[in-house]
Amino acid sequence: MELIVPILAAAVRSGTPILYATLGEIITEKSGVLNLGLEGIMLIGAYTGFIVTFNTGSPLWGLVAAFLVGVAVNVIHAFLCISLRANQVICGLAMTMFGTGMSSLLGRSYVGQTISGLGVMPLPGLSSLPVVGPVFFNQDPMVYMSYFLVLLVWFLIFKTKFGLKMRAVGDSPLSAEAAGISVSAVRYLSTLLGGGFVSLGGAYLSVVYSHMWVELMTAGRGWIAVALVIFAIWHPFRAALGSYLFGGVEALQMRIQAGGTSIPAPLLMMLPYILTITVLVMISVLKGRGRFLGSPSALGLPFYREERE
Amino acid sequence: MDRGAKKSMIKIEKRFYISKGQELYIILASIILALLSGALMLRLMGVNPWEAYGMMLKGSLSDFYGISETLAKTIPLAMCSLAVGLAFTMVVWNIGAEGQFVMGALACTAFVRYFYTDSAIVMLASMTVTSSLAGGFWGAFAGFLKARWNVNEIITTLMMNYIAILLLQYFVYGSWRDPTSLGFPMTPVFPESARLPQFFASRVHAGLFFALIVALILWIVVRKGVWGYEIRVSGQNPRAADYAGIKSARNVILVMFLSGAIAGLAGMAEMAGLHRRLQPGFAVGYGYTAIIIAWLARLHPFTIIFVSFFFGALFVGGENLQIAMRLPLSTVQILQGLILFFLLGGEFFRSYRISLTFKKR
C-alpha cells in the first residue's frame, strides 16, 4: 500500500490537466464542432497562466487569465468554423500551429524562471480516510475543482435546457433550427466555453504541476485529450476515468525513471502514446464499426442554413 | 418612420461559378492579409515587421545562395506534401508525414550501418527501398486500423509521430551514437557510396528529382488513372463508392502505405542528400507544413511543387531571421498558422459571394 498510494495520488495529479482539456473538448464537440487545436490552446493556457502568475504573484489570477485567453483564442476557431464554415480539421491544425508558435515566441524570455504556484491543500477530515484520502483529498485546489467540473459538465450537458440545445445542435442542426434554436449561437458558446477549460488544463501544467514554463511543455497531452473524448464516448465521468488512467501511466513512468532503470528514457516516454493508440483501438473494436452512442452525428460538419431542403 | 426601408442589406449568396482568376485573387488576398496581421503582431512585440520581412526575403530569394537553400528545403517539403496530398485526395487525414519522414531517415541510416557496401548504385537503391517500406508501413498501420475498426487516423498518425521521434532519440542517444562525436547525439557520417550527389556547389541534391518524379507519377495515377478516380470517389462519397463496388477499406490501407512511403523516401533523400548523418532536430516540422501546402495547392501534384518552393523560402527566411534579428523559428510557425487561418477564411469567398445592396425608399 505504501508503494501504491503515492503513485495513485500522482496519477490524479498528472491526469488533471488532461481531464480539464477533455472536458472542454466534450463541451465543444457535443455541439458538433470539432476542435483539433487543443495542443496549441493548452500551450497558450500554460504560457498565459505562467506569466500572469509570475507578474502578479497570484496563481488565482494566472488561472483566471488562462481561462479568459483560452476563450478569446477560440473566437478564431469559432468564427472560421461556424460563421465561415471552414474545414474544421484543417482549422484545428492551424490553431495548433498558431498556439505552439505564439507560446514559444512570447515565452522565450521566461524559460528557466520559477513561480511558487499553487500548493497542496489537504481537505480536513476527508484527507485522513485510508487510501482514498491521500489519493483524492490531499491535493491542490485545482484538482478539487476538477471533481466539481466533472459533475458540472455532466449536469450542463444532460440536465439543463442549454445542454439539450447543445445535443440537438450537435446531432441534428436542421431539426434544432426548425425548433427555433440558433445553431450558431449554441455552437459559439460551446466552442468558447470548451476552449476556456482546455486552456485551464494547460495552465494547470505550468502554474500547479511544474511551477515553470517550458517550450512545448504539453508534450502531446492535447492530442491525448482528443483521443480521450472518443474513449469517454463524450461522457464526463468516463473522461475522468480515462484521464486518471493516463495520469497513472505518466506517474508510473516517472517513478520507474526516478528509481533508476536499464530501460532507456525514450522508450519509457513512448508509453502514453502507445496507450492512446491501444485505447482507441479497444474502444473502436468494442463498439463495432458503427457510430458510437453519444457521438454527435453532425460532428465536424459545417451547418448550411440556406441549403435547407 | 419606417427605418427598415432605409437599411442597406448585406446578402450572402452561393456562387455557382468561380473563374481561375478570381480564385487566384482570393488566395493572394488571403496570403497578403496573413502577412499583414503577422506584421501587426511583430510590431506589437516591438520588432520592425518590414525589416523582418525584408530580412526573410533577402535570406531566401535575393541571391544564388538563398535560392539554393530554398530549393534544398523545397525537396522534403514537396515530398511530404505530395504524401499527405495523396491521402487527402481520399479524405484520409494523414497527419503523420512527420513520423513517416523520420522512419524513412531511421531505416536508411540502419541500412548504412548494418549492410554497408562500396557500390553506390546498390546502396542508394536499397536505401530507397528500405526507407519507402519503413515509412509505408508506419503509415499503413494507421490505415489498417482505420480500415479494419474505423479508428480515427488523425490521432493514430499523430501519436505515431511522437513515437517515431522518441525512437530516433533512442538510437542517436544510444547505440548508434558516433563514438568520436564528443558526446553529441549523432551517428557517424554516411560513407561516400551512401550519398546522393549535390549540385552547383550548393546543398541542392538529387532528391529534387525524386520529388519531380513522384509528382509526375502521382499526376498520372491520381489525376488520370482509374485507381485515382476510385480513391477520389471513396473520399467524396463513400456510399456511392460502395455501390460502385470500390473496395474502400483496401484502398485506405494502400493509400496510407503509399503516402507513408513517399514521406519515408523524403526522409532518405534528406539523409543521403543533405545531412548525411542522423541527428535529432533534422525533423523541423516539414510534415506539418506539408498539410498547409497540400491544402493550398488543392492537392494538385505540380502546384504542390510550386507552393513548396514558397514555403521553403519561408523556412530559409525564418532561419535568416533567427541569425539576424534573434527571432526564434517559432515566428515561422506563427506565420504558417496565420496563412492557414486566412486561407480557410478565404475558402468561404470561393463558394459564397457577399453582395451589398442599398435600398432606397
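Keep in mind that glycine also has a Cβ here, set from the backbone N, Cα and C atoms.
Residues or ranges marked as transmembrane segment by TrEMBL: B:24-46 (among others). Through the fold, the transmembrane segment (B:24-46) approaches residues 52-53, 296, 331, 334-335, 338-339, 341-343, 345-346, 349-350 of its own chain, all at least 6 residues removed from its boundaries and within a Cβ separation under 8 Å.
As annotated by TrEMBL, transmembrane segment applies to B:74-93 (among others).
Residues annotated as transmembrane segment in TrEMBL: B:100-116 (among others).
For B:122-145 (among others), the entry in TrEMBL reads transmembrane segment.
Annotation comment: TrEMBL describes B:157-176 (among others) as transmembrane segment.
Beyond the ends of the transmembrane segment (B:196-222), by six or more residues, the same chain brings 64-65, 68-69, 71-72, 74-76, 78-79, 82, 85-86, 89, 124, 228, 231-232, 262, 265-266, 269-270, 272-274, 300-302, 304-305, 308 to within a C-beta distance below 8 angstroms of the stretch. TrEMBL lists B:196-222 (among others) with the feature transmembrane segment.
Per TrEMBL, transmembrane segment is recorded for B:252-272 (among others). Sequence-distant neighbours of the transmembrane segment (B:252-272) (same chain, 6+ residues past either end, Cβ-Cβ under 8 Å): 75-76, 79-80, 82-84, 86-87, 89-90, 92, 94, 96-97, 100-109, 124, 127-128, 130-140, 142-144, 146-147, 153, 190, 194-196, 205-207, 210-211, 214, 231, 234, 278, 282, 286-287.
Annotation source TrEMBL lists transmembrane segment at B:278-297 (among others).
Residues or ranges marked as transmembrane segment in TrEMBL: B:304-325 (among others). Remote same-chain partners of the transmembrane segment (B:304-325), defined as residues 6 or more beyond its termini with a Cβ less than 8 Å from a stretch Cβ, comprise 47, 51-52, 55-61, 66, 69-74, 77-78, 81-82, 85, 211-212, 215, 284, 289, 292-294, 296-297, 331-332, 335-336.
Residues or ranges marked as transmembrane segment by TrEMBL: B:331-352 (among others).
Non-local neighbours of the transmembrane segment (B:100-116) in the same chain are 76, 80, 83, 123, 126-128, 130-136, 138-139, 161, 164-165, 167-168, 171, 176, 187, 190-191, 193-194, 259-260, 263-268, 270-272, 278, 282-283, 286-287; each lies 6+ residues outside the stretch with a CB under 8 Å from one of its CB atoms. A Cβ distance under 8 Å defines the sequence-distant neighbours of the transmembrane segment (B:278-297), meaning residues of its chain 6+ beyond its ends; these are 27, 76-78, 80-85, 88, 95-102, 105-106, 109, 161, 165, 168-169, 171-173, 176, 184-187, 263, 266, 270-271, 303-304, 306-308, 311, 315, 329, 333, 336, 339-340, 343.
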